[in-house]
Every structure is written in C-alpha cells, then in structure tokens.
Amino acid sequence: PRTEASPEPELQPAPIAGDCASASMLYRPSTSSIGGANANASSADEATPLLISGQSGGADAIRRQRLLARRRSRAASLTILLVELLERLAFYGATANLVLTLGQWPFLWVSYVAASASLFMSGLAYGLSLFFGWLSDTWLGAFNTCALGFLIYLIGLCGLPVLLLLERYGHTSALCGHLNSGIVNASIVRTASFPSKLIQDENSTAGGNMFEQNCSPIVIASLCCLAIGSGALKANLSPLGAQQIKDPVEQSRFFNWFYWACNVGSFAAYFFLTYTQQNLGKDGRLAGYLVPPVAMTIASLAFVACRPMFRLRKPAGSLLTRVVRLLAAAVSASFRLRRQRKRRLLADGESDSNNSGSGSGDSAPMRLHAAAYDDWLDCARHGGRFTEGEVHDVRALLRVVLIFVSIIPYWLLYFQMQSTYLVQGLHLRLQLDGSIANIFRARYRTIPPAWLSLCDIVVIIALIPLLTKLVFPWLERRGKHPSLATQILLGMSIALASVLCAGVLESYRLSVLWGNSTNLWPVDYVQQQIGNMNYTAANVSIMWQVPQYCLMGTAEAFMSGAPRNMKGLITGLFWFTCGCGSFVGVALVSGLAGAGVWFQPSEQGNPNCRLACSTDPTRICAECHMDFYFYLLSGIQLGGLLLFALLRSRYRLATSVDDFTAGSAAVGDAVSQINNNGPRLPGYSANRRNVDF
C-alpha cells in the first residue's frame with residue numbers, strides 16, 4: 001500500500017505489467033515484504049544507519065553527513081528503478097511470444113499445450129511470491145532473497161536462447177535428443193499433401209501434455225526457474241525500494257517512478273522484442289531471446305554492486321508463521337473440544353433419558369447441535385497461546401481471503417491475454433492493409449499478436465489517472481462515490497464482456513474460415529508465414545481483437561481499487577490467489593483437451609480443426625471450438641461475480657478501507673506496528689472514504 005503524508009502526496013496506481021499487469025489490482029506493497037511484513041519493522045538494520053549525529057564535528061559535519069545519506073539513498077533508489085526496468089524487459093522479452101515460439105521449430109508444441117505452459121509459468125510466479133516473502137522475513141532478508149532470485153532467474157532466461165543457438169547450428173539434439181518431427185504444427189495450412197489429416201479416428205490421443213513435447217525437460221526447467229526468480233523479486237524488490245526512503249512524500253515519488261520504470265520495461269519488450277522475434281527470421285528470433293538474459297545480467301550486477309548503498313533490515317519473523325500456528329492450534333483444539341463436548345452431552349443425554357423418560361430426550365441433541373456452531377477460531381485462545389485480539393484479526397483475514405477466492409475467476413480471464421488470446425490472434429490475418437498499413441509502414445510485414453497487449457497497457461495508463469483524479473473525486477463531491485465492492489463488481493463484469501467479445505470473434509472467425517457447417521476444407525483463409533511455420537488464418541483482421549484487450553484493460557482499472565491499502569500478509573495472499581487463477585486455467589485447458597472437448601488432441605491443438613468420421617469421410621464427427629471455451633470462461637466469471645455479490649451480502653465486511661484491510665496484518669499488534677512504521681495510501685483519509693461491503 002501507499003502511504004499518506006502531510007501534505008497528502010499524489011495517488012498513483014500500481015504497475016501494470018508483471019507486477020505491472022496483473023498487479024494492477026493492487027496499489028502498493030508496504031515497506032515490509034509480502035510473506036509476513038516484518039512485524040518488527042523498527043528492528044536494527046543490517047547495515048550501519050546512514051544518518052549519524054555529529055558528536056564533535058559541529059553543524060557542518062552534520063550537514064555533510066545528511067547530504068551523504070541523501071545521496072546514498074537516492075543512488076539506492078535509482079538502482080532499484082533500473083533493476084525493475086530491466087527485470088520487466090527481461091520477463092516480457094522471454095514470455096510475451098512464448099506461445100508463438102513453442103509452436104515453431106525446433107519445439108513444435110501443440111498450441112493449447114503452449115498456452116498451458118504460459119499459464120503454468122504465470123501461476124507459479126505469482127504463487128511463489130507468498131513463499132519468498134516468508135523466506136525474506138524469517139531467514140534471508142530482502143537483499144539476499146533478491147540476489148538468490150536473480151541467480152535462478154538468469155538460469156531460466158538462458159534456456160530458450162541456448163536451444164535456439166543450438167538449433168541455429170544444427171545441434172539441438174545435444175539437449176533435446178531425438179525431435180519428433182512427425183508432429184504437425186497446430187495451424188499448418190491443410191493442402192492435398194496432408195489428406196490423412198482429414199480422416200482420422202476421432203478418439204486419437206495424439207497431442208499429449210507439456211511433458212511429451214519436444215525439448216520439454218529443458219523448456220519446463222527454464223520456465224520453472226524463470227517463475228521462481230520472478231516470484232522472489234515480486235515479493236521483495238518493491239518493499240526493498242521503500243526501505244531506502246524515510247520521508248513519505250519522497251517515498252510516494254519513488255513509487256511514481258517505480259510505476260513508470262515497470263511500464264517502460266514492459267512496453268519496450270512488447271513493442272521491440274516481440275517484433276524482432278517474429279519478423280526478422282532465425283537471427284532475429286535468436287537476438288530477441290538473447291536480450292532478456294543480457295538485461296538480467298546487467299540488473300544483477302548493478303544490484304550487487306550497490307549493496308553498500310542499501311538500507312537493510314534483519315529478518316524479524318513472519319506474520320504468516322504466526323497465522324499458520326494460530327490456525328493449526330484452532331483446528332486441533334476445536335476437534336478436541338468437540339469430542340469432549342460430544343461425549344459429555346451424550347452422557348448427559350443418557351442420564352436424562354434414564355431419569356425422566358422421553359420428556360427431556362431432545363435436550364442432548366439440541367445442546368450438541370448448538371455446540372457445533374461455536375466459532376472454531378475461538379478455540380485457539382484455550383491454553384493462553386493466542387490473545388483474543390489475534391483471533392479477531394485472523395477471523396478478519398479469513399473473510400478477506402473469501403473475497404480473494406471469489407476473484408479467482410477474474411484472474412482466470414486475465415491470464416487468457418497471455419495464452420488463448422494469442423492463439424486466437426495467430427489465426428487471424430496479421431498483415432495490415434490499406435491506410436493503416438501506410439501509417440505503420442508495415443505493408444509487407446505482419447504485426448505480432450503480442451502487440452495487442454499494448455492496448456491493455458495503454459488503456460490502464462490512461463484510465464486509472466482519469467478515474468482517480470477526475471471521475472471518482474467528482475462523484476465523491478456529490479456524495480456518489482462508488483463503493484469498493486461496486487468497483488470490483490464492475491471490473492468483473494467488464495472482464496466478462498472481454499471474454500464474451502473473444503468468444504463472438506472466434507465464432508465469427510470459424511464461420512468465415514469454413515463458410516458453412518458442412519465443409520471439410522477451409523473456404524476463406526489466408527496463408528501467412530511466421531518464422532519457419534505456415535499458419536492457416538481466417539480472412540479476418542487481427543485488429544478485431546482490440547476491443548477484448550481494451551475491455552480487459554478497463555476491467556483492470558476498476559479492479560485496481562481492490563483494495564488499495566493492503567499490507568504484508570494480505571498482499572502475499574493476494575498474489576497467491578492470482579496464481580490460483582492461472583493454475584485453474586491450466587487444469588481447465590488440459591482437462592478439456594484430454595477429454596477431446598473443443599480441443600482435439602488428434603489435431604495437435606489446431607483451433608481450426610474439423611475431423612471427418614473414419615467410417616464416413618463425408619460426415620463431421622468432431623471439431624474444435626475455442627469459442628465455446630471462451631463462453632465457458634464467461635460462465636465461470638458470472639459464477640464468480642455472483643459469489644462475490646453473495647459474500648458482500650452475507651458479510652458486512654467493513655465500514656471503511658482501514659477496517660477491511662486490518663486483517664492484512666493478521667495480528668493487532670503487528671497492524672499498529674506496520675501502520676506506525678510503514679506508509680499509508682497517499683491522498684487517502686480513513687475519515688474521508690467509507691466503503692460499504
């Protein structure tokens with residue numbers, strides 16, 4: 001979360017890609033890391049304090065020491081900004097075109113498996129941020145955790161470039177073994193030379209999963225290392241930057257620059273590197289994937305070289321550990337007390353039955369039923385290990401977690417931009433025509449499908465300041481400021497509209513490609529070459545994807561208020577639920593493909609596929625329908641929206657943002673500790689904005 005100063009600094013949203021893109025739901029982490037927030041934030045620093053009192057040097061010596069401390073703090077902050085820019089450049093340079101790259105030689109991955117790999121990596125990166133926040137708070141500290149993350153990150157970034165370099169010189173088998181060249185790419189144009197592709201057993205199980213693709217051990221290991229490194233930095237880099245600055249106003253300015261550094265890095269990766277990887281041949285693809293490890297190497301060296309400049313804190317324990325112990329104690333004590341009560345009530349019931357016959361036979365069951373509804377968390381107070389305040393705060397935390405669970409479908413939809421939206425874009429006409437081509441001077445070039453993600457970024461950059469500076473203040477002056485829950489509901493609804501647009505576009509794309517419901521040969525398509533592969537695309541411009549990306553960006557802008565003042569542990573849990581949304585996507589795609597529903601394994605993930613029956617070549621027995629998958633996602637999002645509305649009605653969770661986010665610190669003492677030592681949301685006043693859940 002961001003902090004409030006006097007005078008109130010400017011409100012700025014969180015970054016919008018990586019911890020930019022998906023973190024747009026947050027504003028700012030606290031000065032403590034997300035695994036538990038270093039409850040004892042005021043503990044002794046690892047490094048010598050920068051400000052020392054001039055005991056004998058007089059006023060000039062004190063002034064010089066303060067100036068030196070200010071310069072060191074500024075150098076440390078600039079280093080963090082440079083590292084963030086280069087890290088975002090490296091991350092998106094390696095992952096923005098991942099689905100496209102894995103579908104080409106020498107990988108030839110099934111398209112839906114490549115999409116699942118992208119979802120898996122995103123889920124792992126976000127999910128592990130909770131663990132690395134805990135590791136930082138309890139063992140390694142923020143700097144050492146980041147340094148470990150850089151090392152693992154760099155290993156992961158080198159995987160694809162090494163494979164592409166070996167392929168460039170014909171030595172791919174050195175790491176990948178025998179390549180399965182019999183795998184036909186998911187979207188190769190069907191011609192008379194592939195008649196067997198039209199008549200197959202619809203129950204074929206070709207296609208497989210991530211572990212059955214070419215070079216899968218190296219690719220999966222690289223993606224895992226990349227995700228681990230990203231999770232470590234996501235959990236600690238921003239809090240480490242906040243530790244360098246004591247003044248809340250200066251801290252707000254730092255986060256403004258952090259926001260732009262994040263976006264400059266991600267924009268450069270999407271705009272320049274994806275184009276290089278797609279349109280400049282083998283050498284361009286190799287060069288595009290060599291930039292990320294080079295950028296990460298520079299970031300790592302700069303980070304380590306500036307170690308003496310950083311203000312560091314010793315690990316002081318994690319709130320996550322305390323919360324887990326409280327929950328374990330509550331569960332154990334609850335079962336123990338319930339067994340004791342059950343035995344006591346049954347014994348009393350038998351005694352009542354023997355003494356008074358049937359007249360009081362219902363007393364024991366009634367008391368047993370009432371005992372079952374005791375609050376199980378209160379059991380943690382038995383034995384004196386946990387206070388009533390701690391139990392109360394964990395109860396508030398669990399209610400917040402319920403809200404995050406209801407938002408998982410939103411994240412499932414969000415991560416489609418990096419997976420199935422890209423698959424859809426590859427099967428639309430990539431070449432610009434007419435006046436648009438002249439504007440971009442791209443008449444003979446194809447635009448990268450990943451460029452459409454720039455629409456999402458631009459919309460967020462434009463819309464969040466518009467909402468926070470103009471729309472919401474204008475509504476607030478008239479007493480009509482939308483509640484936090486209303487903003488979340490609106491954001492989820494707009495995300496639903498985005499995936500509905502994707503489904504409608506996919507239905508239209510298939511109708512243009514096939515002409516009618518009985519054709520077995522494409523009718524209106526274009527043959528386009530990307531790298532070393534030819535793709536079948538419907539004769540529909542990729543620019544029709546712009547609305548779904550813009551809608552997703554608009555949804556992010558509204559979801560960015562959910563909530564803005566989260567601290568410590570709750571931020572880690574937030575990232576964890578983001579990862580859960582991505583893992584749900586992996587399970588959904590894999591399950592549908594394995595069952596041969598809408599994704600046909602026998603067609604290696606081809607979203608254009610139509611399969612004739614083996615017994616009757618003139619009849620269609622199975623076909624691919626990614627549009628139905630998008631409609632299913634919209635239904636899941638509708639369910640999440642209704643669940644959120646139900647929770648809003650069931651739990652009057654808060655009367656203010658402060659009350660709502662009090663559960664983020666998990667224990668009352670730590671809440672006050674963090675609020676005293678750490679910043680609050682800039683421009684935010686607890687008395688000014690009431691949030692009705």
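Cβ from N, Cα, C; glycine included.
Whatever TrEMBL says is automated annotation, not expert-curated.
Note that the structure is a prediction, hence the values are computed from the model and not measured.
Straight from TrEMBL, the features:
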type: TRANSMEM; residues: 75-95; note: transmembrane segment
type: TRANSMEM; residues: 107-135; note: transmembrane segment
type: TRANSMEM; residues: 147-166; note: transmembrane segment
type: TRANSMEM; residues: 257-275; note: transmembrane segment
type: TRANSMEM; residues: 287-310; note: transmembrane segment
type: TRANSMEM; residues: 316-335; note: transmembrane segment
type: TRANSMEM; residues: 396-414; note: transmembrane segment
type: TRANSMEM; residues: 450-472; note: transmembrane segment
type: TRANSMEM; residues: 484-505; note: transmembrane segment
type: TRANSMEM; residues: 573-598; note: transmembrane segment
type: TRANSMEM; residues: 628-647; note: transmembrane segment
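The transmembrane segment (484-505) and the transmembrane segment (396-414) are in contact, since at least 3 Cβ pairs between them lie under 8 Å (pairs 6 or more apart in sequence). The listed stretches are 257-275, 287-310, 316-335; of these, 257-275 has the most Cβ pairs under 8 Å to the transmembrane segment (450-472). Tallying C-beta pairs under 8 angstroms between the transmembrane segment (316-335) and each of 75-95, 107-135, 287-310, 396-414 places 107-135 first. Only pairs six or more apart in sequence are counted, and the transmembrane segment (147-166) with the transmembrane segment (287-310) gives three or more Cβ pairs under 8 Å, enough to call it a contact. Counting residues 6+ beyond its ends, the transmembrane segment (573-598) has Cβ neighbours under 8 Å at 22, 25-26, 34, 112-113, 115-116, 119-120, 122-130, 202-203, 207, 209, 234-235, 397, 400-401, 404-405, 407-412, 414-416, 419-420, 566, 605, 622, 624-626, 628-629, 632 in the same chain.
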